Every structure is written in C-alpha cells, then in structure tokens.
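Peer 1: Under the heading ATP binding site, Swiss-Prot lists 135, 153, 154, 155, 156, 157, 575, citing sequence analysis as support. Under the heading Zn(2+) binding site, Swiss-Prot lists 938, 940, 949, 950, citing sequence analysis as support. As annotated by Swiss-Prot, compositional bias 'Basic and acidic residues' applies to 614-624. For 614-636, 916-946, the entry in Swiss-Prot reads region 'Disordered'.
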C-alpha cells in the first residue's frame with residue numbers, strides 16, 4: 001500500500017506538469033476572446049458543435065453501428081445463458097465503447113483550449129469570476145475522467161463549468177451530481193448566467209420541497225421572472241422532469257438521478273421515461289457519495305405486510321437481556337451474539353410470551369424470531385437516539401453519520417427500522433416490498449465517463465482505483481496553504497476532554513478568532529452547548545434539528561469571536577468566509593464594516609477548528625480541518641480525544657491507556673505525542689480497511705443482481721420500444737408445445753404416452769378444438785403431434801387477433817409481457833434478498849458464500865426466465881381486451897403515484913396493479929377449482945410434481 005502512495009505522488013506531479021502547456025495556450029487565447037461581442041461569444045458554441053459533428057461523421061459511424069449490433073447480440077446471449085458468448089461480447093462491447101470514448105475525447109481535446117477560454121470569458125462577464133490557472137488544470141483533470149482533489153475554498157463549483165460545457169457540446173447531456181438538494185439548485189442558478197451566455201441550457205432536479213410538488217425541476221431562464229415574493233430563484237422556470245434531462249447540463253442529487261433511473265424502468269410507456277443514456281457525470285464531493293454512501297442501496301418499495309406484534313414483543317424482551325451474561329457485543333463488527341445462558345433465557349422469555357413454537361429456538365419454525373431478536377439487540381446496542389437517528393413528530397428519522405443531516409424518507413431495511421420504532425414506542429410502520437433497487441456503486445458505473453471533485457480523496461485513492469478505475473489527481477492551491485494543524489490532545493474521559501474544549505473555545509474567542517467546533521452526534525453538540533451556556537459563552541448550534549438555519553449559521557460563522565458548534569454537516573459546499581458573508585458594494589457603510597471585520601479576523605489568526613472526537617475515517621477529520629485556511633487564509637485546527645471515545649474503545653485505547661498510566665497522567669492532564677497520534681491513525685486505517693472490505697463485498701454481491709437487472713431492463717426497453725412481440729410470443733408457444741409433447745410422449749411405444757395429460761395441459765393454455773383429443777393424437781407420430789398442435793396454436797392466436805384487431809392485439813402483447821416481467825422481477829428481488837440473508841450459513845459448510853450466492857443466483861435467474869415464458873404463454877390466450885385496458889391504465893397510474901418510501905421519492909411499480917394481476921385475470925375467465933399444493937402430483941397425469949409441471 002505504501003508503494004501505491006509513493007507512485008501516486010510521483011504520477012501526480014507528472015500529471016500536473018503535462019497539463020501546463022494547455023494552460024499557457026488558454027492564457028494566450030484570453031485576449032482574443034475578451035474582444036468578442038456577446039453574440040460572437042455565444043456563436044462559438046455553434047461553431048464548436050459544427051466542428052465536432054464533422055469530426056464524428058468521419059471517425060465514429062462504424063463504431064456506433066458495431067455497438068448497436070453487439071448490444072443486441074449480448075441481450076440474446078444473456079437470455080439463453082451462453083456464458084462464454086456473453087464474456088466475449090462484453091469484452092467486445094467494452095472495447096468498442098473505449099474506442100468511441102477515445103474518439104470523442106480526441107475530438108474534444110482539439111477544441112479544449114478554445115472552449116475553456118470561452119467559459120472563462122463568459123464567467124468573467126456574467127458573474128465576475130475569472131478561472132485561475134489551477135482551476136483550468138482542475139477542469140482538464142475532470143474532462144479526462146479523473147478525480148480532482150481540491151482544497152476547501154478553491155472554487156470547485158466554478159471549475160466544474162469548464163468540463164461541463166466542453167462535454168455538453170456532444171449533445172448527449174451531462175450531469176453534475178451534488179451532495180444535497182440545496183446545492184443542486186444553488187449551483188445551477190449561480191452558474192446559470194455563464195452557460196446562458198454561451199447558448200447552453202442548464203436545469204436542476206431535486207426532491208419534493210412541498211407535498212404538492214411532483215418531481216420538481218427548474219430551467220435557468222433570464223427571461224422568466226418568478227411571481228413568488230422573495231423567491232431566491234427568480235429566473236428558475238418550472239419544467240417537467242423530462243425537459244430537465246433534455247437540457248445540455250443537468251444539476252441534481254444522486255438520489256434523484258438514481259430514482260429517475262429506477263422509475264424509468266417501471267414505466268409502462270417509453271414516452272413517459274425521462275432520462276437519456278448515462279453519458280458523462282461530475283460528482284461533487286465524490287468521496288461522500290462513492291465511499292460514504294456506497295453501502296446504501298437506492299430502493300423503490302411499497303407497503304407489504306403488517307408489522308405484526310413481534311416487534312413489540314422483542315422491544316419488551318431486549319432490555320431484560322444483560323450484556324456479557326446473555327450476549328456478547330462485537331464493537332468492531334457491530335453485532336451481538338447470544339451466549340449459552342442467553343439462548344436459554346430468550347427461550348424462557350419467548351415461551352412466556354407464547355410466540356415460540358416447540359421447545360427450541362433452533363427449530364426451523366422459529367427462524368423469523370431469530371431475525372427479530374438480532375434486530376432488537378442491534379436497536380438496543382448500536383442505534384442510539386440523537387446519534388444514529390432522531391425522533392421527530394412520531395417518526396424515526398435516520399441521521400447521516402457522515403454529513404449529520406436528517407435523511408427524510410429513508411428507512412433501514414430488513415426490519416431494523418421497525419425494531420427501532422418499537423424501542424422508541426412510536427407507531428411501527430408496515431414492512432415493505434422491494435420493486436426496484438440499485439446500489440450507488442452500480443448506478444455510477446453505468447456512466448460512460450465518470451469523474452469527481454472533493455477536498456479529501458487521496459486517502460481513498462486505492463479504493464477509487466480498484467472499484468471505480470478512477471485516478472486521483474491533487475490540484476495545487478492557488479495560494480500557499482498556511483493553516484497550522486496542532487497535535488491531538490488525549491484525555492482519560494469525556495468529562496475532562498469537554499472541559500478542555502470549553503477552555504480552548506473561550507481562549508480563542510477572546511482573541512477575536514471565530515471558532516468552529518465539530519461533534520460526532522446531536523447529543524454531544526447539545527451537551528457542549530449547555531456547557532458553553534453555563535460559562536456565558538455566546539454561540540450557535542448547527543445540527544440535524546436546526547438544519548433549516550444551516551446557510552445562515554455558516555454565513556455568520558466567520559465573524560470575529562463567533563462560536564459555532566456543529567455536527568458533521570458543517571455546511572459542506574458552503575465556505576466560511578473570514579469576517580462573515582461578504583456583502584455587495586451597494587451599501588458602502590456595510591461593506592466597509594465587513595472589510596474591518598475581515599481584517600480583524602485575519603490579524604487574529606483566522607478560523608480555529610476544534611474536533612471533539614476522531615471519526616472512523618481520516619477523510620471526515622480532514623474535511624473538518626479543511627473548513628479553516630481557505631485560499632491561503634491563516635487558520636488552525638486541533639482534535640481532542642478521550643479514551644472512552646467510540647473509535648478508541650473499539651480499536652486502540654488499551655495501548656494508549658498503558659502509556660498514560662506509565663506516564664502517571666491524571667484525568668485532567670492531556671498527553672500529546674507522536675506515538676499516540678500514530679496509534680490513533682493506525683486505528684483509523686484499520687477501520688477504513690474494514691469498511692473498504694465491506695464496500696468491496698457489497699459490489700461483488702450486487703454485481704450478481706446487477707447482471708440480472710441488465711438483462712431484465714434491456715428486455716423491458718425492447719418491449720416498450722415496439723419490438724416484434726408477436727413472433728417472440730409465438731416462439732415461446734412453440735417451445736412450450738415441443739417441451740410438453742416431449743414430456744408426455746416418452747417411450748418407444750405409443751401406448752406408454754400420456755396423451756390425456758398433454759391435452760389437459762394444453763387446454764390450460766388455449767381451448768383445443770373437439771376433434772383434437774387423446775384418441776386422435778394416438779394415431780400420429782411424435783413429430784406429427786408437434787406439428788398439428790403448433791399449427792393449431794398459431795391458428796387460434798390469429799383468430800384471437802382477428803377478433804380483437806391487430807392494434808389491440810399488439811397492445812395486449814405489450815401489456816402481458818410487461819406485467820409478467822415486472823411482477824416476476826419483484827418476486828425475484830425478494831428471492832435474492834432472502835438468499836443473500838441466508839447464504840452466510842454456507843461458510844459453516846466450508847463453502848465460499850459469494851461463490852454459492854453466484855451459483856444459486858444463476859439457477860434462480862434461469863428459473864425466472866423460464867417462468868416469464870411460462871406465464872406469458874399461459875395468459876396470452878386467456879386475458880381479454882377489457883382487462884387489458886384496465887391493466888394499462890392501472891400500470892400508468894401506479895408508475896406515477898408516490899408510495900411509502902424506503903428511500904426518497906419512490907413511485908409504485910408497473911407491477912403493482914391492484915386486483916388485475918395475471919393470475920387474477922386468468923382466474924376470472926376459468927372455473928374455480930380446488931387449490932393444488934406445489935408439491936402435489938400434477939393433475940395433468942404427467943407423474944411430475946405440480947410445481948415442476950403445470951404449476952411452473
């Protein structure tokens with residue numbers, strides 16, 4: 001790993017040097033662009049696009065055709081599970097896409113100096129900001145699909161305009177992914193005049209701000225003026241989500257881009273889809289998204305089953321279990337395992353509650369109880385109020401551990417959220433059923449070109465390289481950094497540590513320096529606030545409970561003597577300016593007062609940052625330090641640590657405790673030396689390594705479902721795009737007839753054939769003419785039977801089409817295919833979730849759980865594909881056009897209606913059609929019969945189990 005960082009440093013220097021000649025070229029062009037009129041500057045975009053078009057027509061036409069044909073071949077290979085062909089075609093497709101990207105990059109590189117010069121000039125004219133040379137380098141790094149590490153205050157928002165404009169010239173749409181919905185609007189609106197001056201459209205997508213909004217989207221339009229009094233987004237014109245994606249540049253949050261992708265793959269009509277292909281994305285604060293958020297999947301779900309009384313039972317039971325005696329806590333892995341005494345105690349308590357079946361918790365009937373028990377213990381030991389969540393208006397709202405923000409609409413999965421609700425005695429919500437899901441990792445790996453910006457990526461360079469194939473380039477600062485980072489001070493306990501923190505806050509405040517204090521939880525921020533109040537120290541608190549005041553608090557945090565206590569949210573994306581927010585020069589008195597404050601803070605030493613606890617990740621610590629010393633300003637930082645801090649307790653306190661006892665330190669005397677700091681850093685590295693393994697593990701497991709998703713979503717697109725479904729369905733019918741004929745005509749002697757069973761089975765699909773019966777079929781050979789039945793099926797299909805009309809039949813084919821695909825895909829996701837939950841037991845059998853999951857997942861996916869064919873064949877003749885129209889309208893309604901969310905803003909899937917499932921529709925046209933068990937003999941007489949024959 002150390003070799004990795006050594007070579008990383010060398011390559012970074014070479015990368016920067018290689019870009020300097022381009023910076024010189026852009027600077028040489030500056031004067032010529034300054035002399036252009038506004039109309040001539042805007043016309044440059046038309047010129048650039050024309051030049052790119054001429055280049056592409058001669059260099060990429062053949063590649064595009066090959067990509068289209070290879071994609072179609074791959075889809076067919078995936079359907080028939082031809083693994084060797086899939087591997088070959090995937091490699092070919094990857095190579096073709098690389099060739100296309102290389103051609104596009106070469107063409108864009110040819111106009112890069114002029115395009116960057118145009119953006120620099122447009123920015124200077126419209127918003128008064130001229131890109132520094134280092135910002136030009138940052139823009140080039142982003143254009144080349146890499147991560148630009150830029151320190152806080154170096155102007156990442158402005159840097160992004162360069163590659164966004166350049167790549168938008170291809171006309172394929174580009175995305176800027178922000179960390180929150182405020183920045184999705186602010187950055188698009190702030191940079192809007194720059195893009196408008198160049199004739200490029202820019203939009204913003206963000207989550208609902210009010211219950212009446214539906215997929216809110218805005219387009220920057222100087223000719224539009226909002227009628228809302230005091231609207232900060234005066235020139236943001238409301239548009240549809242589809243229009244937002246048609247804009248040249250789209251700003252938005254990762255969740256909105258992700259849920260739009262999932263929603264598009266639930267829609268019943270291609271015309272309702274909103275996204276274009278995923279072309280180029282810049283991810284702001286990329287470490288936050290691809291590292292911190294990577295373990296969190298995006299899920300569209302709907303209410304499924306009632307929560308039941310078990311959550312309340314275990315909420316009453318868990319406080320009666322005692323740590324160590326009844327269960328052992330593993331702090332590192334964050335799980336609790338019952339001891340032998342614990343098992344006995346739990347069995348006794350559950351028996352009293354009357355919920356345990358049999359005499360042992362190990363009985364398979366009690367498997368659900370074990371899941372409830374684990375969730376209840378996790379809720380008790382690892383999920384604390386005002387740390388991991390808050391209780392607000394009778395709801396449990398998750399707190400993002402990395403940003404400190406409330407994650408409205410998000411819920412823990414697999415029953416954990418319900419366990420926490422039961423613990424806090426709020427209403428336990430229904431469990432949910434997953435209809436569509438994708439991890440953040442796989443979502444962003446879909447982009448043809450991905451890059452990002454952050455102030456802290458170097459510590460995770462190895463992970464970015466291994467998982468995302470992204471290189472990190474550290475961009476030099478415009479001015480030398482002068483912030484002083486003091487060594488950590490370690491105390492024996494929390495009480496002594498926070499007393500020292502209050503003393504340092506008071507000292508810095510009296511010097512006229514603003515102080516930012518970072519805490520890891522809401523509880524700690526409020527506890528420190530109470531200590532400051534008792535000392536009479538005026539301060540502001542910024543945590544998830546006061547997130548509405550965030551922009552205002554951060555704007556004032558740089559004033560002389562200002563004290564701000566904040567959780568990790570600390571205004572990421574908003575700079576803390578020394579002296580406070582810089583006013584306009586319209587009011588000379590106000591501006592002069594700000595200048596005096598600004599100078600006063602500079603002379604006092606700038607912003608002082610205090611960290612009250614080391615985070616599990618060094619990046620989060622560095623982000624807090626990075627609030628100070630922006631753009632060459634003075635500043636300082638220091639971390640205070642106690643031996644009973646979470647990270648110390650879990651990963652390193654014993655060694656440091658020994659050092660302190662050896663040194664004879666009392667609780668009020670801190671220790672500060674290199675050995676302690678190194679021990680702390682090593683503890684953080686171990687935690688980072690652990691989380692890296694977890695994320696890598698997540699990718700490997702999700703890749704299994706991702707392959708399934710690619711096949712199903714590609715097939716769905718094909719259905720929506722008007723593919724010839726009739727020939728596909730007739731092929732399925734022929735395949736079913738061939739399979740069933742072979743099954744029922746085994747043996748050399750026709751007397752051994754089960755022709756009654758064959759006729760019964762086929763009559764379950766369509767009604768055979770009276771003359772085609774077992775007696776008539778007995779006179780034919782196996783081949784003749786197949787030909788006769790196939791011909792009859794085709795004639796009956798044509799008869800149905802003649803009766804309903806060709807147009808209606810095509811619509812019916814589409815609806816049945818869509819509904820079957822959607823409903824069975826939902827079932828498959830549930831099967832895969834359950835499989836993943838249980839697969840860990842394979843380790844006890846000395847089998848690799850991942851390999852077992854891949855193998856079992858492959859078997860289940862083949863079963864899914866076969867079941868899709870089976871259900872389509874068994875429904876196409878039976879479902880009438882009236883029911884089909886109901887299905888169409890219900891599908892459209894379901895795809896656009898919001899439902900209970902596991903993540904923000906899901907919509908109900910096309911499959912969720914109340915009362916009009918394929919099964920229900922079929923039953924409405926056939927007589928009721930006694931229900932057949934899946935393991936019962938099939939009534940067709942084949943001798944096989946029902947689930948393996950007609951019950952497939």
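Backbone N, Cα and C atoms are what each Cβ position is placed from, and that goes for glycine too.
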Peer 1: Just checking a number: largest C-alpha distance across 135, 153, 154, 155, 156, 157, 575 for the ATP site, rounded to a whole Å.
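Peer 2: So the maximum pairwise Cα distance among the ATP binders is 17 Å.
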Peer 1: Excluding 135, 153, 154, 155, 156, 157, 575, which residues of the same chain place their Cβ within 8 Å of the centroid of the Cβ atoms of the recorded ATP site?
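Peer 2: In sequence order, the nearby non-listed residues are 150, 152, 158, 159.
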Peer 1: Using other CB atoms within 10 angstroms as the count, which residue among the binding-site residues 135, 157 scores least?
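Peer 2: Counting other Cβ atoms within 10 Å of each of the binding-site residues 135, 157 gives the minimum at 157.
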Peer 1: With H, G and I counted as helix, E and B as strand and the rest as coil, say where DSSP puts residue 135 (ATP binding site).
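Peer 2: Once the DSSP labels are grouped into three classes, residue 135 (ATP binding site) ends up as helix.
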Peer 1: Counting all other Cβ atoms within 10 Å across every protein chain shown, which of the binding-site residues 154, 575 scores highest?
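Peer 2: Going through 154, 575 one by one, the largest Cβ count within 10 Å is at 154.
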Peer 1: Are there residues of the same chain, six or more positions away from residue 155 (ATP binding site), whose CB falls under 8 angstroms from its CB, and which are they?
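Peer 2: Listed in sequence order: 129, 131, 132, 135.
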Peer 1: Could you say whether, by DSSP, residue 157 (ATP binding site) belongs to a helix, a strand or a coil region?
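Peer 2: For residue 157 (ATP binding site) - judged by DSSP and reduced to three states - the answer is helix.
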Peer 1: Using DSSP, tally how many residues of the region 'Disordered' (614-636) sit in helix, strand and coil.
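Peer 2: Computed counts for the region 'Disordered' (614-636) are 11 helix, 2 strand, 10 coil.
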Peer 1: Just counting, how many other CB atoms are there within 10 A of the CB of residue 153 (ATP binding site)?
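Peer 2: I count 21 other Cβ atoms within 10 Å of it.
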Peer 1: How many other Cβ atoms are found within 10 Å of the Cβ atom of residue 156 (ATP binding site), counting all protein chains shown?
Peer 2: 24
